[in-house]
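Working notes for the structure below.
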Amino acid sequence: MKQSSAAGRLATLRLLAQRFAFLMLVVSAFALMILGKADIVLVEQTRVLVVDALAPMLEAMARPAATVARVTAGVHELANLRAENARLREENARLMRWQTVARRLETETMVLHQQLNVVPDPDPAFVTARVIGDLGSAFGHSMLLAAGSRDGVRKGQAVMSGEALVGHIAEVGQRSSRLLLITDINARIPVVIESTRTRAILTGDNSARPRLNYIVGNPAISVGDRVVTSSSGAAFPPGLPVGVVVSVGEGGIRLEPFARRHQLEFVSIVDYGLGGILPFERSPPDRRRRGREE
Amino acid sequence: MKPSVWVRMDTWVRHLIPATATIFLLLITVVPTRLTVFADIAPMLPLMGVYYWAIYRPDLLPAWLAFAIGLLGDIVGGTPLGANALVLLLVQGTAAAQRRFFLGKSFTVTWWAFGLLAAGAIALNWLLVSVIVGRVVDPAPVLFEYLMTLCCFPLLTWVLARTQMAFLLDV
C-alpha cells in the first residue's frame, strides 16, 4: 500500500517535471525569437556555425539530386524536341536581327567612349559556387551555397546566374554562405527602369514576383519594361538585369525575375569592389578577374 | 538476466531512428531538387515526422527533440529563429497528449486530425513570421504549402510506418 502511494507520488512528480520542461521550451522559443529580432552577432554566428557544420552533408545530398534533375530534364527535353526546335529557330531569327543592331550600337558606343575619354567599368572578380540548399518555403526565400569566407565570399556581394541578378549574400561562414533571393521578404534592391531611367526599390514579399516600391516621380510604367539594378547607395553595380514588369494592376507593379530559381545549380558571387548592400567585413583577397578568365 | 553489450547497443541505435528520420526529412526539404513545383514551396516534411512519432513513439521523439529539430529547420531555412521550433514543439505536445485517441483508429481519422493540426501549425507559423518580420507574409503560398503537406501525408506515413515496422517493432 505504502509502496504504491510512493510510486504514484513519483509519477505525479515526473508528470509535473515534464509539464515544466515543456513550458520552459515554449518560453525559450519566444526568447529566441526576441534574440533573433535583436540581431545579435552571437545569434548570427551560431547560425553560420551550424550551417557550416551541415554543409558537407548538404553538398553530398545535393549532388545525386542534381543528377536526378539532369536526367529528368533530359527526358523532358527529348519529349519536347520538335516544339523546342521550332521555338529556337524563331528565336534565332529574332536574335540575328538584334545582333545586327547590337553590332552597330557597339561600334557607335566605342567611338563615343573614345571621343569622350570614358573610364571603362572595372572587370569584376567572381567566385562560382554550387547551390547546396534551397528551402522552398512560404516563409523565406534563401539558398545555401558551398563557398564561404575562405573562398573570398563576403557579406553583401551580388549573386548572379548568367547575366541576371539572383540576390545577395546575407550570411557567410567558413565554407558556406547564405544567398538571400530578391524575392525574400527581407530583400530590398535599388533598381531603375531601363528605358525611362526611373528609380525605384524592389521589395520581395516571399511570392515569386517581387514588387516595385518608392518609385521616383509619377512615370508611366508598362508591362514588358526591363528593370536593372541602379547604383543608388553603392550597393550593386548599375545595369545588372533583374527582371521584367509583368503586372501594373491593383497588386502594385510586379516583376518576373530573369533568374529562374528552380534551374539554379551554380551561381556566381560577383565582387565589383563596391560597398555592397551591407558593410563589408574585410578587404577581398586577390582573385581571378572575369575578363582574363574568359 | 542483463542483456549483453551488443544487444543494448542495438537497442540504443534503433531508438535513435525516429529522431534521425525526422532530421533526414528536414534535410530532404532543403536539397535543391530543381523541380518547378518544389523549388518555391516544399511540403513541411519534418512536421509530418514529428506528428507521426508523437503518436506512435512519443518516448523516442520527446518535446525537446521536436524543439531542436524545429530550431535546426529555422537555422537551415533562414526563417526567423524560434518560430519553427515553437510550432513543432506545440505539434508534438498536442499529438502526444491526444495519442490515446489515435491508437487503433483508421488512417482516415489520423489524416483528418493531421489536417486540423497542420492547419493550426501553419497558421501559427504564418502569424509568428509576420509579427517578427513586421509585415504580412503573402498567405497564398502558405495555403499552397499546407495543401501540399496534406497531400504528401499518406505517402510519408506509409514510409514511416514501414520504418517503424522494420526497426522498432519490439524495442
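Note: Cβ is positioned from N, Cα and C throughout, glycine not excepted.
Residues or ranges marked as transmembrane segment by TrEMBL: B:12-30 (among others).
As annotated by TrEMBL, transmembrane segment applies to B:37-55 (among others).
The list of residues near the transmembrane segment (B:61-91) in space but at least 6 beyond its ends in sequence, with Cβ under 8 angstroms from a Cβ of it, reads 18-19, 22-23, 26-27, 30, 46-47, 49-51, 53-54, 117, 121, 124-125, 128-129, 132-133. Sequence annotations record features per position, and here TrEMBL assigns transmembrane segment to B:61-91 (among others).
Remote same-chain partners of the transmembrane segment (B:111-137), defined as residues 6 or more beyond its termini with a Cβ less than 8 Å from a stretch Cβ, comprise 44, 47-48, 51, 79-80, 83-84, 86-88, 90-91, 94-95, 98, 101-102, 145-146, 149-150, 153-154, 157. Taken from TrEMBL, the feature transmembrane segment covers B:111-137 (among others).
What TrEMBL records for B:143-161 (among others) is transmembrane segment. Remote same-chain partners of the transmembrane segment (B:143-161), defined as residues 6 or more beyond its termini with a Cβ less than 8 Å from a stretch Cβ, comprise 21, 25, 41-45, 47-49, 52-53, 107, 110-111, 114-115, 118-119, 122.
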Chain residues outside the transmembrane segment (B:12-30) and at least six past its termini with a C-beta under 8 angstroms from it: 42-46, 48-50, 53, 57, 60-61, 65, 69, 72-73, 76-77, 156, 160, 163, 167-168, 171
